[in-house]
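*Asks:* Just dropping this structure here.
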Amino acid sequence: MTEQTIAHKQKQLTKQVAAFAQPETKNSLIQLLNTFIPFFGLWFLAYLSLDVSYLLTLALTVIAAGFLTRIFIIFHDCCHQSFFKQKRYNHILGFLTGVLTLFPYLQWQHSHSIHHATSSNLDKRGTGDIWMLTVNEYKAASRRTKLAYRLYRNPFIMFILGPIYVFLITNRFNKKGARRKERVNTYLTNLAIVALAAACCLIFGWQSFLLVQGPIFLISGSIGVWLFYVQHTFEDSYFEADENWSYVQAAVEGSSFYKLPKLLQWLTGNIGYHHVHHLSPKVPNYKLEVAHEHHEPLKNVPTITLKTSLQSLAFRLWDEDNKQFVSFRAIKHIPVSLPPDSPEKQKLRKNA
């Protein structure tokens with residue numbers, strides 16, 4: 001098959017999937033009802049259960065965390081303007097769900113759009129993605145950079161401490177170069193979060209609020225980071241230098257199909273169909289599965305399950321020569337192939 005034929009087929013696939021990129025107001029409203037009502041109901045039940053048993057409270061917060069994850073998926077769709085047809089409604093709902101999930105709407109919308117435009121591009125890493133080094137970059141790095149990278153990639157730091165740091169601290173500040181509208185949106189989000197937390201503390205008591213909201217926040221945050229991590233970090237993923245990079249290949253080869261049990265698939269808003277989402281970000285979450293089922297090429301993408309996804313914990317570095325993720329242990333037998341004065345090595349020296 002020639003490169004022109006492959007390019008044509010990729011273009012056709014993108015067009016076909018884009019046909020599903022139409023929000024349906026009825027489905028969106030139903031999703032709001034079957035997400036927000038259970039979430040707030042579970043939150044209140046968890047509060048009431050504090051007088052019975054904290055183990056019962058924790059059990060309820062685990063379920064509530066699943067619904068907060070689903071709320072984040074709605075927020076995510078609003079950022080892509082795919083939840084409602086009208087941009088205004090996406091902005092309003094995006095702001096409100098951003099307050100609940102601790103994300104400033106416009107800031108995350110901007111960084112996430114860059115993630116989509118540069119996903120799997122080795123020359124355009126660094127915005128809206130997880131820090132990833134290649135084997136050659138890691139071997140050429142200073143001891144300090146290696147230590148920082150190993151700490152960053154430690155599961156406890158990435159999935160427990162990481163969400164706390166990102167959601168509570170970095171999300172509260174504007175990025176360098178942010179426009180006025182984005183900066184104001186971040187300030188308003190912060191004010192709304194403080195106001196909501198203060199109101200809950202006054203109504204329920206600060207201790208009760210923390211005992212209920214704390215576990216929900218920690219669990220949903222860990223779930224969110226895990227989903228983002230595992231859907232781009234699997235053994236035979238796709239990463240290329242800019243000159244060889246393809247948007248379609250990055251979507252269907254660099255984004256996994258995370259095949260989850262139906263209940264978990266529902267709670268996570270079908271985000272396991274990540275290859276479909278990256279191919280056409282404007283497809284609403286409730287249409288991702290249908291788009292996947294209607295196109296045979298999408299059924300042949302990298303597929304991972306709950307069990308096999310755990311293998312991703314060992315994948316720390318990208319091996320450019322063998323086109324796959326490897327563990328720290330595996331690189332002992334891989335020679336450095338960076339030229340002495342390569343741009344990558346110079347960049348590493350500068351950043352180290």
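Note: Cβ is positioned from N, Cα and C throughout, glycine not excepted.
Copying in the features that Swiss-Prot gives for the protein in this structure:
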type	residues	note
TRANSMEM	28-48	transmembrane segment
TRANSMEM	55-75	transmembrane segment
MOTIF	76-80	motif 'Histidine box-1'
TRANSMEM	89-109	transmembrane segment
MOTIF	112-116	motif 'Histidine box-2'
TRANSMEM	151-171	transmembrane segment
TRANSMEM	186-206	transmembrane segment
TRANSMEM	209-229	transmembrane segment
MOTIF	274-278	motif 'Histidine box-3'
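Tell me about the surroundings of these features in the structure.
*Replies:* Long-range contacts of the transmembrane segment (28-48) within the same chain, counting only residues at least 6 positions beyond its ends with a Cβ under 8 Å from a Cβ of the stretch, are 57, 60-61, 63-64, 67-68, 70-71, 74, 83-84, 93, 204, 208, 212-213, 216, 284-286.
Distant neighbours of the transmembrane segment (55-75): 31-32, 35-36, 38-39, 42-43, 45-46, 49, 83, 93-94, 97-98, 100-101, 103, 105, 211-212, 215-217, 219-220, 223-224, 227, 264, 266-271, 285; these residues of the same chain sit at least 6 beyond its ends, with a Cβ under 8 Å from one of its Cβ atoms.
In the predicted structure, the motif 'Histidine box-1' (76-80) carries a mean pLDDT of 98.
As a summary of secondary structure, the motif 'Histidine box-2' (112-116) carries 5 helix, 0 strand, 0 coil according to DSSP.
Here the transmembrane segment (151-171) has Cβ contacts under 8 Å with residues 101-104, 107-108, 130-131, 217-218, 221-222, 224-226, 229, 313, 316 of the same chain, all six or more residues outside its ends.
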*Asks:* Per DSSP, what is the residue tally for the motif 'Histidine box-3' (274-278) in helix, strand and coil?
*Replies:* 5 helix, 0 strand, 0 coil
*Asks:* Could you give the number of helix, strand and coil residues in the motif 'Histidine box-1' (76-80) as assigned by DSSP?
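*Replies:* Once the DSSP states are binned, the motif 'Histidine box-1' (76-80) shows 4 helix, 0 strand, 1 coil.
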*Asks:* Under 8 Å between C-beta atoms and at least six residues away from its ends: which parts of the chain pack against the motif 'Histidine box-3' (274-278)?
*Replies:* 17, 116, 119, 231-232, 250-252, 254-258, 285, 288, 291-292, 298, 301-302
*Asks:* Grab the same-chain neighbours of the transmembrane segment (209-229) for me: Cβ-Cβ under 8 Å, and only residues 6 or more beyond its ends, written as numbers and ranges.
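*Replies:* Residues packing against the transmembrane segment (209-229) from afar: 43, 46-47, 50, 54, 57-58, 61-62, 64-66, 68-69, 72, 101-102, 130, 158-160, 162-164, 166-167, 197, 200-201, 258, 268, 271-272, 312.
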